[in-house]
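Undergrad: Quick one: the structure is below, and I'll ask about it shortly.
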Amino acid sequence: MNIDILVVGIYFIFMVAVGIIFKRLAGNSTSDYFRGGGKMLWWMVGSTAFMTQFSAWTFTGAAGKAFTDGFPIMVIFMANAFGFLLSWLFFSYRFRQMRVVTPVEGVRRRFGATNEQVFTWATMPTSIVYTGIWLNGLALFVSAVFKIDIETTIVVTGLIVLFISVIGGSWGVVASDFVQMVVIMAVTVVCAVAAIIKIGGPSNLIEQFPAESIMGPNMNYPLLFVAWFIFMFVKQLQNINNMQDSYRFLTAKDSTNARKAALLAFVLMLIGPAIWFMPPWVTAVIYPDAAMAHADALGGKAADAVYLVFVERVMPVGMVGLLMSAVFAATMSSMDSGLNRNAGVFVRNFYSPIINKDASEKKLMRVSQGVTVVFGALIIIVALFINSLRGLSLFDAMMYVSTCFRCQS
């Protein structure tokens, strides 16, 4: 058996085991199922907050952009770090003090039942679309590595994430996110160190990078770059510190743990992007043909596989499998968190107050699991549709959608 496939297989088995182990902590109430009963420690909450801010898109579409344009891609991720910094200073502990199960319950308290429903149905569909983009990015990478059909990868990965989310609830989701954080940081640090050694140091990279300027190629109006820079910081600040995405801090044990979680996410997001994009930057210098290396398999999306090209050409045998495990980790963490959150919003903010006001906790638990399955199926369908849009790069897909709605990068 191919050693890379074996590595990924072991990773999948381990993640399924995590979901099974934490099944008993899912509890018998929707509070336990959707926010862990508000009993989680800062390192668990911080890791899931960090992991939900990126996906396989980071190592495919964003890596392709880093390869062609250089350093501007860092702006998006530095804006995320800024958002977590403000969360540590001001927002995180206030979200925890709301003492609600879902963030939309906070909307109901502040703005009433009508706005609760508007907010519920305005956010769930867009979240499904984003998650579908992330899943498609993962399938793209897997297809290039293992020569497996993209559609098959989308379905299989979606089902595994669905399994973890259904049986483990928020405890299974957060536990798997922490494990996946360890995997992804360990693998990418090794790749980044190898890239720096290969290029001869950061100074050589800056001197030899083919982009025309620090703002990237074809930037005739620097003021546009400055305006985009400011806009991205404002946008990501709102993305991280809004009531929809405050759910991660609702799981914290108390306000102190919520603040520590935000600080951990800030530190990880501050150093993470420089580590992640080092291989694509170095690849642009030493392997300028990398954007066409997988053209036969990926067509117009071949530039999204430049990270893979670096690992194939520089790293030892078996490292591709570890990289794939990290890429799976990035997407699965975003998917399982999104599934758990959206199911919670649907059950607690639509089904319970509108459809069945007298439902028992046992009934709500069954409905919660059923809704999670439905949302998982919708995400898989969206990913399959996006894959059918041949010639549309993942970076462009993410940017087009975020222009219309709200984007988590």
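Glycine too: its Cβ is placed from the backbone N, Cα and C atoms.
The following feature annotations were taken from TrEMBL:
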type     : residues : note
TRANSMEM : 6-22     : transmembrane segment
TRANSMEM : 42-59    : transmembrane segment
TRANSMEM : 71-91    : transmembrane segment
TRANSMEM : 118-142  : transmembrane segment
TRANSMEM : 154-174  : transmembrane segment
TRANSMEM : 181-201  : transmembrane segment
TRANSMEM : 221-240  : transmembrane segment
TRANSMEM : 261-278  : transmembrane segment
TRANSMEM : 314-332  : transmembrane segment
TRANSMEM : 370-389  : transmembrane segment
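Context for these features, please: burial, neighbours, distances.
TA: Listed as Cβ neighbours of the transmembrane segment (118-142) (distance under 8 Å, sequence separation of 6 or more from its ends, same chain) are residues 55-57, 59-61, 104, 107, 148, 150-151, 153-154, 157-158, 243-244, 298, 301, 304-305, 308, 324, 327-328, 330-331, 334-335, 338-339, 341-342, 345-346, 349-350, 375, 378-383, 385-387, 394, 397-398, 401, 405-408.
Sequence-distant neighbours of the transmembrane segment (154-174) (same chain, 6+ residues past either end, Cβ-Cβ under 8 Å): 12, 15-16, 18-20, 22-23, 25-27, 32-36, 40, 44-45, 47-48, 135-136, 138-139, 142, 251, 328, 331-332, 335-337, 339-340, 343, 369, 372-373, 376-377, 379-380, 383-384, 387.
Non-local neighbours of the transmembrane segment (181-201) in the same chain are 11, 47, 50-51, 208, 268, 272, 274-276, 278-279, 281-283, 285-286, 310-311, 314-315, 319, 322-323, 325-326, 329-330, 333; each lies 6+ residues outside the stretch with a CB under 8 Å from one of its CB atoms.
Long-range Cβ contacts of the transmembrane segment (314-332) within its own chain (Cβ-Cβ under 8 Å, at least 6 residues beyond either end) map to 3-8, 11-12, 15, 51, 54-56, 58-60, 134-135, 137-138, 141-142, 145-146, 157, 160-161, 164, 176, 179-181, 183-184, 187-188, 190-191, 194-195, 198, 279, 307-308.
Within its own chain, the transmembrane segment (370-389) has Cβ neighbours under 8 Å at 128-129, 131-133, 135-136, 139-140, 150-151, 154-155, 158-159, 161-162, 165-166, 335, 338-340, 342-343, 346-347, 351, 397, counting only residues six or more beyond its boundaries.
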Undergrad: Sequence-remote contacts (6 or more beyond its ends) of the transmembrane segment (6-22), Cβ cut-off under 8 Å?
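TA: Apart from its flanks, the transmembrane segment (6-22) reaches 160, 163-165, 167-169, 171-172, 175-176, 179-180, 183, 318, 321-322, 324-325, 328-329, 332.
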Undergrad: Under an 8 Å Cβ to Cβ limit, what residues of the same chain, 6 or more beyond the ends of the transmembrane segment (261-278), are close to it?
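TA: For the transmembrane segment (261-278), the nonlocal Cβ contacts are 42-47, 49-50, 53-54, 58-59, 62-63, 66, 73-74, 77-78, 80-81, 84-85, 87-88, 91-92, 181, 185, 188-189, 191-192, 195-196, 248-249, 252.
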